[in-house]
């Protein structure tokens, strides 16, 4: 009998990607996050589709349509809670996935890494426009503050901001187009994910040792399907715990009030997963400088492969680089905390120091550590 999964044109692609895929035998739980991100994307698209069936993208009815979903639609409260907290889980997995890539030198697969950075930017754009849709106070003011940053661009800034708004401020036209963007972007993300996987399967997965694993590979199924299922169970446990019991833990209380252009909240801040970049933006007193620093904080990921100086790929056997990596992690947590604090001392100076440390660590200290570790490994020692 012909094995259909190995001969059918469509099944063959799935088979080579998820079933008979040769995978390194030593990849750890840090390699689970790719599949978890795929699951998160599916959850977000499904819950988002059901929310879009009941949501209206009009400034007069957007807020009440979200209230209607939570009160009158069957399990609408659950769908909304899963979607809102699913975004947090998505970003948690994303940050861990990127961190794994930096720690184990996965960025040396340059095509996969670059598509991954584009994916990160696209997911951030999707989350931003999605945050505006409930049309609460923080939704409105967050959209106003962030889109207004475009006006810092010389010559074309003001025109560009008004073009994005569809008027002279954030209003009905802005909400309608943001809903359109929020609906289409996840499908663009799905296409990019396929390209990401395509490039990954050209080279095969990296592994914790950073050594070529071709001599010791095992089939993806059943070994890693079982392993990924454990990760999925933990993800669902956390997501459902948030959605059922702590649904408003990661949200902003200001979003319980409808958007009011005449009343500014005392402290405008985005969702927690943007706070590190927001802190970097605020740490520079100049508007254009802040916007450039904000962009640089994400786009710096693109030059990480160029800053790799070590002879070893992974940080597994490089204690100095490991130490700097965990300092960078602590630094990002500090930036996230600062982004949620009011603009006053001592938070201003802490934010400025943490922002400076962020760029210093990635661009100077980590490449120098790689060179020093090479020197320490030379035979005369």
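Note: Cβ is positioned from N, Cα and C throughout, glycine not excepted.
Keep in mind the model is a prediction, meaning the values are calculated, not measured.
As annotated by Swiss-Prot, heme b b562 binding site applies to 83, 182, with the evidence given as similarity to another entry. Taken residue by residue with DSSP, residue 83 (heme b b562 binding site) is part of a helix.
Taking a C-beta cut-off of under 8 angstroms and a sequence separation of 6 or more, residue 97 (heme b b566 binding site) has the following same-chain neighbours: 33, 34, 37. Following the DSSP three-state reduction, the secondary structure of residue 97 (heme b b566 binding site) is helix. The heme b b566 binding site annotation in Swiss-Prot covers 97, 196, and the record cites similarity to another entry as its basis.
Within the same chain, the residues at least 6 positions away from residue 201 (ubiquinone binding site) whose Cβ sits under 8 Å from its Cβ are 16, 17, 21, listed in sequence order. According to Swiss-Prot, the feature ubiquinone binding site maps to 201.
Per Swiss-Prot, the feature transmembrane segment maps to 33-53 (among others); the stated evidence is similarity to another entry.
Positions annotated as transmembrane segment by Swiss-Prot, on the basis of similarity to another entry: 77-98 (among others). Residues 30, 33-34, 36-37, 40-41, 43-44, 47-48, 50-51, 66, 69-71, 116, 120, 123, 127, 130, 235, 238-239, 242-244, 247, 250-251, 271-273, 301 of the same chain sit 6 or more residues outside the transmembrane segment (77-98) yet have a Cβ under 8 Å from a Cβ within it.
Positions annotated as transmembrane segment by Swiss-Prot: 113-133 (among others). Nonlocal intrachain contacts for the transmembrane segment (113-133), taken as residues 6+ away from its ends with a CB within less than 8 angstroms of a stretch CB, comprise 55, 57, 62, 66, 87, 90-91, 94, 98, 101, 106-107, 139-140, 142-143, 146, 170, 174-175, 178-179, 181-182, 185-186, 188-189, 192-193, 195-196, 199, 270-271, 273-274, 298-299, 301-302, 304-305.
Positions annotated as transmembrane segment by Swiss-Prot, on the basis of similarity to another entry: 178-198 (among others).
Marked as transmembrane segment by Swiss-Prot on the basis of similarity to another entry: 226-246 (among others).
If you look up Swiss-Prot, you'll see 288-308 (among others) marked as transmembrane segment, on the strength of similarity to another entry.
Swiss-Prot lists 320-340 (among others) with the feature transmembrane segment, giving similarity to another entry as the kind of evidence.
Residues annotated as transmembrane segment in Swiss-Prot, with similarity to another entry given as evidence: 347-367 (among others).
Proximity of residue 83 (heme b b562 binding site) to non-local residues of its own chain (separation of 6 or more, Cβ distance below 8 Å) is seen for 44, 47, 48, 51, given in sequence order. Each residue contributes its Cα atom, and for residue 196 (heme b b566 binding site) and residue 182 (heme b b562 binding site) these two points are 21 Å apart.
Within the chain, the transmembrane segment (226-246) has long-range Cβ neighbours (under 8 A, six or more residues past its boundaries) at 29, 32-33, 35-36, 39-40, 43, 78, 81-82, 85-86, 88-89, 93.
With a cut-off of 8 Å on Cβ pairs spaced 6 or more residues apart, the transmembrane segment (178-198) and the transmembrane segment (33-53) reach 3 or more such pairs and are scored as touching.
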